[in-house]
Structures are given as structure tokens and as C-alpha cells.
Amino acid sequence: LFLAVCAVGIGGTFQYGYNVSIINAPTQHIHRFLNETWTNRYHKALNPDLLTFLWSVIASVFSLGGMCGALVGGSMAIRLGRKGALLMNNIIAMLASILMGISFPTGLFELLIAGRFLIGINSGVGICVQPLYLGEVAPKHLRGGMAMGSSIFLTGGILMGQIIGLRELLGEEMYWPLLLSSSCLPAFAQLLFLPWFPESPRYLLIDRGDELSCVKALKRFHGSSEYEREMEDIQRESFALDGEKAKKPWQLFTDRAVRWQLITVIVMTMGQQLSGINAIYFYATYVFEQAGISAEQIPYVTLGTGACECLTALTCGLLIDYVGRRYLIIGGYLLMTFWSIVLTFSLTYQELYPWVPYVSMTSIFAFILSFGLGPGGITNTLIAELFIQSSRAAAYMIGGTISWISFFTIGMLFPFIVNRLKQYCFLVFLLECSSVAAFLFFVIPETKNKSFLAIEKEFHKLNFGRN
């Protein structure tokens with residue numbers, strides 16, 4: 001089971017974190033490449049406004065690709081299987097790597113845009129299908145920890161991208177095409193290792209009706225002496241579905257039986273992206289400068305934020321099956337609310353006392369820790385648990401699409417929010433975090449050690465009333 005998490009994660013959410021992270025290091029190098037390419041092609045200098053527009057397209061087309069990937073990821077998981085969809089997804093990553101790698105020698109920045117779009121599709125599919133696979137192969141008592149593999153590999157990808165982007169490695173100007181095309185390596189690793197692992201047993205029995213393959217897969221994952229309990233759980237779910245086929249995303253919006261599960265998914269995925277974590281990374285450089293850290297050393301201190309997020313994902317993976325999902329996600333949002341208050345005050349009085357920048361620095365790391373322990377780690381796990389087999393893939397498509405739209409929206413609006421509100425932007429995020437915490441407190445049940453059918457029954461009163 002542990003090796004399956006690694007094989008799935010390296011080409012799944014790792015790619016998302018890695019490709020979000022590596023685009024930051026070569027920003028100035030890509031600007032220079034755009035200027036030189038434009039001058040050579042049209043024999044005139046590139047207008048600064050057009051340069052800003054082209055760079056914005058290169059940076060934001062990734063999220064557009066991610067949204068497309070989320071829209072097709074669920075369908076791929078149904079048609080090709082969870083494992084088959086992940087394997088096919090690596091072909092997209094390799095094509096994207098080739099396009100980004102040859103953009104510089106060919107002098108075609110259009111290839112860079114196309115490559116970023118394709119790697120966005122790859123990330124969108126991966127972040128949709130990977131937690132789907134892990135949630136279905138895990139036994140009840142390990143489901144939370146295994147599903148946390150998605151967050152662990154995502155944060156590990158962010159940290160790895162920060163490390164590879166350092167000047168001593170691939171951060172120099174001559175190496176930026178190699179840096180962007182290095183995402184082919186995780187794709188190759190998954191193509192090498194994932195074929196050795198079985199398909200999701202739930203998919204094999206419920207979606208394919210292949211009981212023999214399901215038993216073989218369960219024996220591989222849970223051992224010959226322990227697989228019967230999981231087999232009974234899958235058979236009960238299959239019997240309850242009574243041959244019902246996998247639903248399309250639009251069918252969930254009209255299905256009263258999943259109404260509050262769907263509302264919960266939408267609130268959680270929007271809350272995760274709009275929680276202020278992007279504002280934290282935006283303000284990190286300013287706070288580090290105010291604390292007296294030189295500009296040359298800031299990239300190395302920023303590694304601490306990536307390491308902090310990765311550490312919390314690992315910690316959450318260890319705690320989730322003991323503490324429970326409900327306490328961690330609500331507690332995470334409440335802690336983020338508290339640190340938003342502290343940050344607002346510390347950034348307001350940043351220059352009043354010499355010790356205040358260190359309070360801001362501590363608050364930044366504390367906010368990241370709170371995010372990783374709560375919404376950053378638990379959201380994908382809960383999406384897998386709130387739905388039964390026929391609705392789960394469609395739920396991930398909806399959740400993924402909402403998440404990417406929110407990611408794109410905050411990327412577009414965030415500069416304006418910061419320019420207008422300055423440090424008071426954290427009051428907006430404070431309101432958002434506290435509202436999500438209140439919603440989850442009243443709506444979401446504890447899902448620890450419960451079968452998917454038992455969790456569905458928990459929502460029955462909300463969806464249909466007490467009668």
C-alpha cells in the first residue's frame with residue numbers, strides 16, 4: 001500500500017506542486033527570452049505592456065489547462081480506469097516537457113505557452129484521479145493516511161521545485177528550458193513503476209463487474225488473510241447501487257441524495273483556494289526583507305515555507321486516522337482565522353518596533369502550518385469519502401473544476417485586492433476562513449473509520465429531512 005501511494009503520487013499531485021513552483025525561478029530569464037525573440041522576429045522592441053501580457057498568459061494558462069484536466073479527469077477514470085487514466089496522463093506530461101524544452105532553441109515562445117497549457121491538463125487530471133485511486137484502494141482504518149499521500153506529494157513537489165530552481169542547480173539563465181522540461185522525469189518514473197500495481201478493486205467490481213480481478217487486487221493490497229473484510233464492504237456497496245452506472249457531473253446537481261455532499265465539496269474547494277495562502281506567499285518576501293534578510297538569501301529562506309508545508313502534510317497524514325477529519329479541518333480554518341488577525345496587526349505596525357517583523361515571520365509559518373494541518377490536507381480526503389462509487393468520479397470533476405476556477409480567479413484579483421487593501425487584505429481572508437469553519441461545524445460529520453455507505457446515511461437527514 002505504501003509503495004502504491006508512492007507510485008501514484010510521483011506522477012500525480014507531485015506534478016501539480018512541482019509545476020506551480022518551478023515557474024517562479026526563471027521569471028526574469030523568460031522575460032529576456034520574450035524580448036529577444038520578439039526583436040529578432042519583428043525587428044522592434046517588445047512593448048512593456050505586451051511583455052506583461054505574454055508573461056501573464058504563460059503563468060495563468062497553467063490554471064486554464066488544469067481546469068480542462070479536471071473536466072476530463074473523471075471521464076478518463078471511468079473509461080480507462082483509475083490506473084489507466086494516470087498512465088495515459090503521463091503522455092501529456094512528456095509532450096508538454098518536449099514543447100517547453102524546445103521553445104528556446106527554436107525561438108518560439110508559443111511552444112512555451114502550449115507546453116504550460118498541456119502540463120496544466122496533466123496536473124488537473126492528476127489531482128482529480130490520484131485521490132480517487134488512493135481513497136478506493138485503502139482499508140477504512142488507513143484511508144485518511146493514504147489519501148493524505150496526495151497532499152504529501154503535492155507539497156513535496158512544491159519543495160522540490162523550489163530546490164531545483166536555486167541558482168546552484170537549474171536556476172541559471174542557460175538552464176531554464178531544462179528546468180521547465182524536467183517534469184518529464186516524474187512522468188517517466190510513474191510509467192516505470194505504476195504498471196506493477198493493480199487497478200482499484202472498487203472500480204474492478206462495481207464499475208467493471210470483474211470479481212476475479214477485484215479479489216486478486218485486494219489480495220495484493222491487503223494480504224490473503226485480510227482481504228475478505230474489504231471484499232464484503234465493496235459487495236455491500238455494489239448491492240446498494242444495484243447496477244447503477246457512474247454518474248455525470250451535471251446529474252449530481254439534480255440528485256437530491258447528494259445535495260449537501262455537493263454543497264460541502266464546493267464550499268471546501270473554494271475555501272481552500274480563497275483562504276489567503278496565496279497572500280501569505282506574496283507577503284513572505286516583504287516580511288523577510290523587513291526582518292533584515294538580504295535579497296540573495298530570501299530564496300533559501302523561502303525554502304523554509306515549502307519545507308514547512310511538506311512537514312505539516314506528513315504530520316497530518318500521521319494524525320488524520322487518530323484525531324479525525326472534522327477536528328483537523330475545522331481547527332485548521334480557526335487557526336488560520338487567528339493568524340490572519342495577528343498578521344494584520346503585525347504588518348500594520350511592522351516598522352514601529354524592531355521585533356515586530358519577527359512576529360510577522362512567525363505568523364507566516366504558523367499560517368502555513370495551520371493550512372497544511374487543516375484544509376490543505378483534509379479537503380481531497382473528504383471528497384473521496386462523502387460519495388459512493390457511482391458519484392465519486394463526478395464529484396472530483398466538480399471539485400477540481402471549482403478549485404481551478406478559484407485558483408485562476410484569486411490569481412487575477414489578488415494583485416488588485418493587495419493594492420487597494422494592503423495588509424488589511426487579511427481581514428477578507430479572516431472572514432472567509434471563519435465562515436467556512438462555521439459551515440463545516442454545522443454540516444460535516446466525522447468520517448473516520450466509516451464505510452462509504454455509513455457516511456452516505458449520515459447525510460440522509462440533511463438531504464431528505466428527518467422523515
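Every residue, even glycine, has its Cβ placed from backbone N, Cα and C.
Keep in mind that TrEMBL annotations are predicted by a computer and have not been checked by a curator.
As annotated by TrEMBL, domain 'Major facilitator superfamily (MFS) profile' applies to 5-448. Per TrEMBL, the feature transmembrane segment maps to 53-73, 85-105, 111-134, 146-164, 176-197, 262-286, 298-320, 327-349, 394-418, 424-444.
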Sequence gap of 6 or more, Cβ distance under 8 Å, 3 or more pairs: do the transmembrane segment (53-73) and the transmembrane segment (146-164) meet that?
-> no
Confidence summary (mean pLDDT) of the domain 'Major facilitator superfamily (MFS) profile' (5-448) | 86
Same-chain residues at least 6 beyond the ends of the transmembrane segment (327-349) with a Cβ under 8 Å from one of its Cβ atoms are 268, 271, 275-276, 283, 287, 316, 319-320, 356-357, 359-360, 363-364, 366-367, 370-371, 373-379, 382, 422-424, 426-427, 429-430, 433-434, 436-437, 440-441, 444, 446
